[in-house]
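For A:6-26, A:31-50, A:56-75, A:84-107, A:127-149, A:206-224, A:236-263, A:314-330, A:366-389, A:426-445, A:466-485, the entry in TrEMBL reads transmembrane segment.
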């Protein structure tokens, strides 16, 4: 759901107020049945989905019905029949995703490379569903695929109620942009769902909501207008805008995920934390354990491990393939493939050169090895973000060329970079960066303290209330679109 | 009970902070607050000036910054008050916001910029917030959803505005805004803003007046006439392109508006100017010289139309 759009909160409010009023009155008259809670949640989720995107909702409903019937059938079959059904469902789910998300890219950017004029001919054709990617498709497809595989491999082959399945795949806080929940984590909480509207859940929900809103509306949305993609000549600015984008994408997606966690808490559902202070990482390995956790583990369990099978000696190769595919999942464009491959390569470099490097660093007494590891990791992530943010491949190459040309790092270019923004703009940016770095420092402290989560400090009673105050005072009044909605 | 108070604290903190934001936005400090103060000052002037016949200039900033009401008063001998405000308030809110001060015998000169004329629903970015700021929430029948959203945003100062205000305090020792400069006894601006950020380019008008704007102006005419006053319309001066599409759209707009009330404009140029030196900071706002030239021309058109 698009938490940036007022219409999400408006529809939620217009549904929730009468629904919970009726529920309260009916409960006091002893007329309410438990199943009405599950029905209410399903209606609320579907209602919000229709409001978010009618076209995506139609595809979503077809996929729900198809997946549920097939899983229902699969759970009644044994051995190869069950495997066949699971395979068919996964192939069809991925085919639907491929049709809407990758067909254009495949025809225009892959076939178009070898067949002259194909891209223009293709663009002139009117093919259903080729306008834009239906919101949420990438996320709910993965959740549905995961559910099929987990149901196939689960020991308990008990039938699944249709209502429970609908609630599992359409749970409104996370259906459109994750976290991509697994059957073992979410399904037990959703099965025979009952609203748990307790003071503790509300308190906890508000704290996560407050953190998420602050990250999205204060940090990400105030950083967004400063990023200028068309700056290609000045390497200082290219680095700086990539750095800003590195901050924006984390606060944008982290903000979304924490708002989802908060909304889940309100109704008594615990969602997986999708981010674990990723910018505190001291290696790329660690970064990927902390960044978009549910996607990383999804690729690990459903792509990397099955691909590798028992060929452990080819693990690095399969790792590289998995990361390239993960990049491709983010978007049907060359830059995302490059981004995935870049991270795959970084992991390989770390695997083969990491140990001697860290050993060397550890022997130095004055070099602050932890800080150097962190700086190298963060620098690599920023460079990666350049691949991620720049969808124009030609311009991306121009920027990379500018970055690797030493004499471009001149003082005059530095001067231009330092005076790029006007006085008011520069002051607002400095203040936004001050808030951003403050938040990242608190995450770092959270990591050092090794509490229940890395965000313990940020969701503490006082801090979360301070964040609410800062959000109301400093939220941008024109929110930028969620970056991950494009995927 | 402790848990209840703990939970209530969220709402109390949110309410209190929103209140601070509302004060900044609507009462003192934010752009909307300066607009509200300017509007209230202009309305007070209009209420104060009593004469059997007055000219009231209505519109957005494209009227506020383009007509010299004092010069017009001198040339026509009729008390003239510039009560124009700001385009993003939207036509559907601007018009009812001035209805109360119109009285019998008045000539209401409405000069809406194309932003207002081309709009399909009559509402702009400031519609809901302006109504709430002047104590009339929902003025102009802002739809409930937009009103709810605007009211929510009314308590959010934003980081950009807060930073600008902080710099203002440090550099100037006071808060300022686009509309914070005083207006004259005729409601005219006293300070002219200059274009600093970008080069001039010719404005193109991509469409003609919308059916909604025509209906709303027609309704306004009835409201004005019900008070015994007369409605006159004017086309904006713009620094614009003379391409055929722009000219054709303006001509069509003038023709359509002419079916409602007399329209004052130069029949040859259609008020499209190709000399940017007459303009101040936007394609509508004129510098003092431009305003005098524009007003003199308007006076001649007024006389030629023989409006009484």
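Positions of Cβ are set from backbone N, Cα and C atoms, glycine also.
On a predicted model such as this, the values are computed, not experimentally measured, just so you know.
Most Cβ pairs under 8 Å to the transmembrane segment (A:366-389), among the stretches A:84-107, A:236-263, A:314-330, A:426-445, belong to A:236-263. Using a cut-off of 8 Å between Cβ atoms, the transmembrane segment (A:426-445) and the transmembrane segment (A:206-224) share at least three residue pairs, counting only pairs 6 or more apart in sequence.
Counting only same-chain residues 6+ beyond the ends of the transmembrane segment (A:56-75), those with a CB under 8 A from a CB of the stretch are 46, 49-50, 82, 85-86, 88-89, 92-93, 96, 100, 129, 134-137, 140-141, 144, 147-148, 151-152, 157-160, 162, 165-166, 169-170. Sequence-distant contacts of the transmembrane segment (A:84-107) (same chain, at least 6 residues past either end, Cβ-Cβ under 8 Å): 59, 63, 66-67, 70-71, 73-74, 77, 118-119, 122, 127, 129-130, 133-134, 137-138, 141, 144-145, 148-149, 151-152, 328, 332-333.
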